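To start, the structure itself, in structure tokens.
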Amino acid sequence: MNKTAIALLALLASSASLAATPWQKITQPVPGSAQSIGSFSNGCIVGADTLPIQSEHYQVMRTDQRRYFGHPDLVMFIQRLSSQVSNLGMGTVLIGDMGMPAGGRFNGGHASHQTGLDVDIFLQLPKTRWTSAQLLRPQALDLVSRDGKHVVSTLWKPEIFSLIKLAAQDKDVTRIFVNPAIKQQLCFDAGTDRDWLRKVRPWFQHRAHMHVRLRCPADSLECEDQPLPPPGDGCGAELQSWFEPPKPGTTKPEKKTPPPLPPSCQALLDEHVI
């Protein structure tokens, strides 16, 4: 499938969620041992943790949206990464969307982030902490040129390279989605230490943030992991294909209805949503 068709599918998956979803009616995590259920784009979570809003190492954006819930592994990853960044004097990590209290489908903005294992992190590391007003209405820093072929050299910083590398080297991380131009710059800058690049995957948009995805926890038996990324650093023909013009004759795919929920997620809704 060519890149344009994939983009349209992703857009449709996201737009399908614009209708109100019952998951927003669940305002607190569902009690129980932490269990990520289903797939990243069709699932839920029991026993989610709340990411502490106050931290000396990170700041949470758009707290009014209440998308700061996730599996305990995700909360620990954020704390671990932000502590590393702080100890290296790189700046403050800016945390975007994680998931809702019970996971599930959003009413817009995301097709995934449903099992408590995804987090968006801004690709900027301010040295001065943001104000409450800045956090509620964050200004994204677009690192990619207008033509999408490279990063903006005046905006690309070594600290951003290090932030992505630190995240990719974490044992629990299975994928990091960034814009193809950002992946390309990482390939240029990586030198001989390249194993971590395998986890960094080019994807549409993602011009100002990285989307970090964790592997399924070992004790979440109903969690569906993705296959591992292809072997290698992903800096060759696959990456270059993202910069090729779309093939003629690309047609818009038919709009698809969301798939049925995993039975455990449907049971959760039946119990907790009137």
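A Cβ is built for glycine as well, from the same backbone N, Cα and C atoms used for every other residue.
Site annotation for Zn(2+) 1 in Swiss-Prot covers His110, His113, Asp120, and the matching candidate from His211, His272 is His211. When you check Swiss-Prot, the disulphide partner of Cys187 from the set Cys223, Cys235, Cys265 turns out to be Cys235. Between the binding-site residues His110, His113, His150, His211, His113 has the most other Cβ atoms inside 10 Å of its own Cβ, all protein chains included. Among the listed disulfide-bonded residues, namely Cys187, Cys223, Cys235, the Cβ with the most fellow Cβ atoms inside 10 Å is that of Cys223.
Proximity of Cys44 (disulfide bond) to non-local residues of its own chain (separation of 6 or more, Cβ distance below 8 Å) is seen for Trp23, Ile37, Gly38, Ala102, Gly103, Gly104, Gln114, Thr115, Leu261, Pro262, Ser264, Cys265, Leu268, Leu269, given in sequence order.
By neighbour count, meaning other C-beta atoms within 10 Å, the densest spot among the binding-site residues Asp120, Asp147 is Asp120.
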